[in-house]
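Down below is the structure, laid out as structure tokens.
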Amino acid sequence: MGRRALARAVLGCALGAALSLLAATRTWTVEITRRSAPFAVLHTPRTGSSLVPWLTALALVALAGAGALLATRGRSRSLVGVVLLLSGLGVLAGGGYGLATVARVTVIWPVLAMVGALLIGYGGWEATFRSRSWPAMGGRYERPQAPRTPAEDQPQHTGPSRSDVAMWDALDRGEDPTR
């Protein structure tokens, strides 16, 4: 069950981040500016990321968090889960903001961002509260913890050797030490 839950969380976060990024790059609304008589009406497309600037950043955080879920374990993985959960809430708020504040909005893109946010939030919730039973990366990625002896803690060489001192003395006398 641990591997499947980890896979669901990682894939959910990655898919949610991809959906949110896709939605953020699409045109959510077109602003129409009426100008004086000789000029035509100006249509300015506005993407989700121009309306809600934090949307793209939080989706990228969620994408990075999906990878971090694989590389971490224990409390670090739970902390990544909290970050993912907060990212999902931020993306959800951005999609809701886009739906609520813009008069003429293409509904599909903010809703798609909100669906992505729910997937990110689900992955973050799973990682925060259920990641204790998930598998971790193998031990080959960990630094070995060999016990240290007192002899290893002290430096082997405390000062310059006699040959180093003799070489510098020869240089001081003007002799060439390479001959």
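Each Cβ is built from the backbone N, Cα and C atoms, and glycine gets one as well.
Automatic, uncurated: that is what TrEMBL annotation is.
Here's what TrEMBL has on this protein:
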SIGNAL    1-23  signal peptide
TRANSMEM  51-72  transmembrane segment
TRANSMEM  79-100  transmembrane segment
TRANSMEM  106-125  transmembrane segment
REGION    138-179  region 'Disordered'
COMPBIAS  140-155  compositional bias 'Basic and acidic residues'
COMPBIAS  170-179  compositional bias 'Basic and acidic residues'
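Away from its own ends, the compositional bias 'Basic and acidic residues' (170-179) comes close to no residue of its chain (no Cβ-Cβ distance under 8 Å at least six residues beyond either end). Same-chain residues lying 6+ beyond the ends of the transmembrane segment (79-100) with a Cβ under 8 Å from its Cβ atoms: 9, 13, 16, 20, 23, 28, 48, 51-52, 54-55, 58-59, 61-62, 65-66, 68-69, 72, 107, 109-114, 116-129, 131. Assigned with DSSP, the residues of the compositional bias 'Basic and acidic residues' (170-179) fall into helix, strand and coil as follows: 3 helix, 0 strand, 7 coil.
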